[in-house]
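Novice: First, the structure itself, so that you have it in front of you.
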Amino acid sequence: MNCKPIFSFSIDMKLSDKGVVVGKYDAVNPSLTAITQSNKIIIHSPNTRYNMFNTQKAWSEIKKDIGMLSVNYTITSIATGKLSDSDKEYLAIGTETNILVYQVDDNIEVFFKDVSESVRCMTIGNIDISYPPLLLVGSNTTVKGYNVKGDEILWIVISGVVNSIILFDFNRDNDQEIILGCNDKIRIYKQDKFIKELNENAPVKQISPLGAQLLAFILKNGTVGVYEEHVRLWRIKSKSCATCLASFDLLGTGTQQIILGWESGKIDIRDPRSGDVLMKLISPNKVVGLIVTNYRGMDKDDLICVTEQGEVQGYTSSNVNLAPLTATESSQIKELLAAKQKLMLELTHYENNSKVNELIGSGAAEDSVAAMNALKSISDDFAVIPANTRLQIAISTDGTKQSSVEIGISTNNSTIIKAVIIFADGIFPNGNETLIVHPPTKRANSGSYSSMNALSNRTGGVSSIVVPLKIPKDDPVDVHIKAFVGSADGNQYHVFELNRQLPRFSMYSLHERITGSPKCLSEINRLSEDHLSAAPESYVKFKVTERVNRFCMFINQNFLLPADIEPNSTETETFDFLKVSLICLRDSSPLVITFYNDSNILIQTENIELAGNLIQAMSQFMNVANLESVAAFPSVVTKFRELFDKLQGLQESSNVLKTDTALKINLSKILVLRAEDAKVTNMEKLSSYYNELMLTNEELLTSFKIRSENYNEVQRLLSEINQTLYHAQRLRVGSASAKMMSSYKEALEQKNIEKLIQIMEISG
């Protein structure tokens, strides 16, 4: 079954996937706006003609309903929306060095601003009733909000590139939150206050709301998924990459489906809650945009699909429910038949395994010859294992040899493990999600054989295996384990599946392993004092109104300790402090966490990012809404000073280069005019003018290369400075964190490095 478009036309220009939007520039009629591969903006207006010419923006008419806007900068993003009380929507254009907000209908430049970081994404909307409509701009490490006058109203520092930004009621409190798609996280902010982050295993390419409750995302590694609040409903990964998505009821079911466009030209219609494919459409070219709007002016929204070759197709919602028809497609019937065949094969394996266990249980196992004959009666194609076979999993840390988390997998009897497959997100190199481990081949010992042993060991395997894992980030990791278990004489194996979750700070271990029953406070304190060589100079100190029991629960749940910490009633009343001394398995750096009896907590570590992660995790675990702290990180401060001094020097050099370039450009113009005059008045000077012009041009090229290198270095320094401020911000929670960011902004504008450091170290 297929769905045919209700209208189709071609723009006859190749389009970029940097941005395809729709704007009502005259407040009534929607206009399709897109970025071309030749760095121009085209506006298709089927109901309005813009016969305007602007010398600065160079409107030129191509067809009756298509206009083109030329901008002398590399366009990186576009957005449309209302920035004032007027019903007319504005067009915002982001480039590598500036932002232009343009009123298309009146041919007016609303504002033009230079930016220090390249614009990555934009959106226009209201974040709160106390704020005017804002243009939100995501860049390399910041998000800024501008009003209609171009004033900067909002400033958020982010650790990582912001690839997508939307406004969405994530908390269902009738207020819009700012949702950011970053390097490997989806971050949620209420105005400039951080609320929550959702971890992913690859850079987020696009996020989009699905109705009023669901949030869909696309990752750059081909993964697509949907969240409902903080719970991920489903996720699928494809070899091809999705380019865009939209929410639209194409099948006429009364509920919206998720529409996905892919690089291959495929368009998927999926159930938003399960991810099941309900229908597929095929386009000959890469899909660069999916938009839902009332494009025909018929009081009904349509789905508009835009391809890379400039083809535009419109689809409308079906008048009948097509979902039951899609369920009977031949592809789904084939999938059901394949599933049936797989289940029948598994059933045959279970029946043969049951027969062998019955023979063994009936007494045939007492006679080895009878047991061998019983086993031979069943084909070697089937695996035979005892009915009580179980897979056992043990997770621990190894700081002496591998410096990793070790997952021990074993069976409870003489069966062997042929292979282990571990599925996990974001922990394997090169973006892989799977690790396959094959145990070494072992020969069977000669001698008598039991009824469950093979006559010869043809396949190899072991009864236990240890798999080391190196966790690159301090995030919880869901590990899905599949182990192939069977007898030594079989060439088919039973698949055992188990799921485990590694705690957030699993790559931190005690200096000495502790075993046995849960440990009390005095034992942990003694262990920490005995093996603590020198506590780090850097620290952060704060207070939470919690008992030591809750602190121990946090340590037990978030760290991979050999034994839990469980204080007894006497220690709870009389203890002075609890000190947990750990070592990072990644770089052997120390981490000391001390909980005092007055509820003060001291974290000692040289890693400011780790300190922030610990504070955020504790605050979430203990339901702390606002938290202030005092911090001291001498090494971070020293590096911050160096970065700031380098940045100021490069910015001064950049201003000098700009002035020098402007002078050389003016000189080039003058030399061109003189050369033209010399053709008429004095031909002898013509060659000298052209020679001088050539030298000036070479100097301009050299100056451009220097400016380009200078710009790249400035971007790198800005990124590192903003990341440092972001990590320092995470040492506080709630209103204290938001207050710090406003103080940071003021100090940055004043270029006051001492004030920045003071804010970083002292509670906001």
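Backbone N, Cα and C atoms are what each Cβ position is placed from, and that goes for glycine too.
Copied straight from TrEMBL:
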type: DOMAIN; residues: 22-125; note: domain 'Ciliary BBSome complex subunit 2 N-terminal'
type: DOMAIN; residues: 164-270; note: domain 'Ciliary BBSome complex subunit 2 middle region'
type: DOMAIN; residues: 401-505; note: domain 'BBS2 GAE'
type: DOMAIN; residues: 533-622; note: domain 'BBS2 platform'
type: DOMAIN; residues: 634-730; note: domain 'BBS2 hairpin'
Novice: For the domain 'Ciliary BBSome complex subunit 2 N-terminal' (22-125), what is the mean per-residue pLDDT, to the nearest integer?
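Specialist: Taking every residue in the domain 'Ciliary BBSome complex subunit 2 N-terminal' (22-125) and averaging pLDDT yields 83.
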Novice: So how many of the residues in the domain 'BBS2 platform' (533-622) end up helix, strand or coil by DSSP?
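Specialist: Across the domain 'BBS2 platform' (533-622), DSSP assigns the residues as follows: 31 helix, 27 strand, 32 coil.
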Novice: Kindly report the helix/strand/coil residue split of the domain 'Ciliary BBSome complex subunit 2 N-terminal' (22-125) according to DSSP, in that order.
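Specialist: Grouping H, G, I as helix and E, B as strand yields 0 helix, 53 strand, 51 coil.
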